[in-house]
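Straight from Swiss-Prot, the features:
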{"type": "REPEAT", "residues": "19-58", "note": "repeat 'WD 1'"}
{"type": "REPEAT", "residues": "61-100", "note": "repeat 'WD 2'"}
{"type": "REPEAT", "residues": "103-142", "note": "repeat 'WD 3'"}
{"type": "REPEAT", "residues": "145-184", "note": "repeat 'WD 4'"}
{"type": "REPEAT", "residues": "190-228", "note": "repeat 'WD 5'"}
{"type": "REPEAT", "residues": "231-272", "note": "repeat 'WD 6'"}
{"type": "REPEAT", "residues": "274-312", "note": "repeat 'WD 7'"}
{"type": "REGION", "residues": "294-314", "note": "region 'Disordered'"}
Amino acid sequence: MNSGVPATLAVRRVKFFGQHGGEVNSSAFSPDGQMLLTGSEDGCVYGWETRSGQLLWRLGGHTGPVKFCRFSPDGHLFASASCDCTVRLWDVARAKCLRVLKGHQRSVETVSFSPDSRQLASGGWDKRVMLWDVQSGQMLRLLVGHRDSIQSSDFSPTVNCLATGSWDSTVHIWDLRMVTPAVSHQALEGHSANISCLCYSASGLLASGSWDKTIHIWKPTTSSLLIQLKGHVTWVKSIAFSPDELWLASAGYSRMVKVWDCNTGKCLETLKGVLDVAHTCAFTPDGKILVSGAADQTRRQISRTSKSPRDPQT
């Protein structure tokens, strides 16, 4: 993990993103940090200008709640997963649906783009992971191995691997370089409940958040657990590494967001300004803003000010 000195937190409310017609289930920043994407129980995907908070568009099409949304790494596309058993691929510039990916038999709970933006993984209540070709919309592979619903996923930024988390309390790492990845995966065990969220760091560490109220940080290459973070009093809903890997943010159902020191495992800050349930959290690409989503149908941005000894002028 990064051995640098963590910056200090200066917490303040920056702005709200309202106008959702239902609970906010997911949020994601565009790679350049200029746009915020939110998915709602009202079945719509919303696009916001980060700086001003202006609503750019509200996109319908799904016939059920939007459970998850994510930008492609190249910033040209985003994907939305829904209870209607489909994944929709959207063009960012035109705010237009390009294709609907069908194949899941039950609600789709998670989607992830490969680092080159050419493939998309989806998983859900049918216990299956589907790997799609983004350009054609064709399903490339079907990954089977979890014993229960798949709730989370993320691609490794350093190797051609996909991590998936499930209600079976395990994290599976799929080596997509293998011809038959369905039988070529490793399982990370240690949680005692649903793996609700996964997040890779830039260097390839993997964090997993669970309904067992804990967060684990793993080194997937050796299947080793590096550190366990305890402090949430209810389920962990969302996690995010800061770009410098010094901090990890976690959002829970306990009306709070926590910020952790990844090296020591110490909780640096507990942010209690979130109304109702904290659903999601994310850092902007520059690490300056933490976003938390709440069931009160708003988005809240919280600023991060760096005052580390390495940067005394900030």
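Yeah, the Cβs are placed from backbone N, Cα and C, and that goes for glycine too.
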DSSP-derived helix, strand and coil totals, residue by residue, for the repeat 'WD 5' (190-228): 0 helix, 22 strand, 17 coil
Folded-back contacts onto the repeat 'WD 3' (103-142), same chain, C-beta under 8 angstroms, at least six residues removed: 64, 67-74, 76-77, 79-87, 89, 148-157, 160, 162, 164, 166, 174, 176, 181-182
The repeat 'WD 5' (190-228) touching the repeat 'WD 4' (145-184) per 3+ Cβ pairs under 8 Å rule: yes
Secondary structure content, the repeat 'WD 4' (145-184) (per DSSP, counts of residues): 3 helix, 18 strand, 19 coil
